[in-house]
Ligand SMILES: NC(=O)C1=CN([C@@H]2O[C@H](COP(=O)(O)OP(=O)(O)OC[C@H]3O[C@@H](n4cnc5c(N)ncnc54)[C@H](O)[C@@H]3O)[C@@H](O)[C@H]2O)C=CC1
Ligand SMILES: O=P(O)(O)OC[C@H]1O[C@](O)(CO)[C@@H](O)[C@@H]1O
């Protein structure tokens, strides 16, 4: 039986990637720092994925175990795995890199010639490449040469909405039916992993940008506008006619840029947007606007879901008025429980909104900055 180590036994770890791996016949070892989750996985050896959508069904996930990712046992588990996947959050990747590097060294010392693959399933552009860089910084020269030959690092795009759930059994998860996992073929070593629901692709950047700058763009604008109006969840925010109008228009603006950049079929892209908005309406997910809006500094950064699509569309001379409203709303995000939101509001307080926006977004286009500030003021 093939073995996979899934770093992160959180929502996506259990509700998407770990579940697909187990359903495809992998023995799945969840590596996490949350002792309670790891203990419960080891105790129960199973959990349930509740698919809640137009049709509802339960899936029992088996052949699983857990390990504390900071303990030496984690190194042994990785060293003997065929596949390592992550869903820990982009900022955590450098923290798990030393453990992965030690496992690669160990595999080399053990003389293993079987290839092993790494796939970072994070909401980011080329998250696995970022993980690879961090892992290589922790490898010896021999370890690097070994990894060059036997360790694949494949970038991917991941799409499934999995909010945290307060169920009776805290390792069960509630997910939507839809999922998409696109993995770049060229990064893989050896035989391609056979995983039901994983699509191997050549042109990954188009898939990453299509997902990040459609779903995530629309999702976070829904969250920020909803939050400003005191609406707690995504389904309720998108039910607000004005928010729906702004979000749909922003997704279209982003889409028009993507269509120009990647040559997507406009009709298919319009259908893709429509499908995503229907996913936002899923009443079972009860997805908090604070989860979807979390870490606003990351979301307002130059390569992320608000600014990058704005730059792409504006670069083709296309309108970006609703994306600008989204950025204006994001700058208002004020949540004392979110470290980046606190930092954002402190920056705005100290520097003023224009200087803060310029620093955070990296925008140098004065016209766009003026427009964002104007929308920010209007939303006050
Ligand atoms: N939840 C969602 O709908 C989606 C999330 N994503 C991405 O997936 C990633 C994970 O998101 P979620 O599962 O929602 O977050 P989460 O917070 O539910 O799960 C993250 C897990 O990583 C664990 N972790 C933290 N530090 C660790 C370490 N050093 N070693 C091992 N585990 C560690 C945490 O304890 C937690 O269990 C993020 O990059 C997110 O952007 C992508 C698509 C959908
Ligand atoms: O996980 P992030 O990047 O903070 O953003 C939350 C987003 O990720 C998702 O969980 C899945 O893509 C969306 O539900 C939401 O748009």
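Each residue, glycine too, has its Cβ placed from N, Cα and C.
According to TrEMBL, the features are:
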- 4, 5, 6, 7, 8, 9, 10, 11, 12, 13, 14, 15: NAD(+) binding site (BINDING)
- 3-196: domain 'Mannitol dehydrogenase N-terminal' (DOMAIN)
- 203-379: domain 'Mannitol dehydrogenase C-terminal' (DOMAIN)
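When the binding-site residues 4, 6, 10, 12, 14 are checked against ligand 1, 10, 12 have a Cβ within less than 6 Å of one of its atoms.
Regional average pLDDT for the domain 'Mannitol dehydrogenase C-terminal' (203-379) in the model is 98. Using a 10 Å Cβ-Cβ cutoff, residue 6 (NAD(+) binding site) registers 31 neighbours. When secondary structure is read from DSSP and collapsed to three states, residue 8 (NAD(+) binding site) falls in the coil class. Neighbour density for residue 12 (NAD(+) binding site): within 10 A of its CB lie 26 other CB atoms from the protein chains shown.
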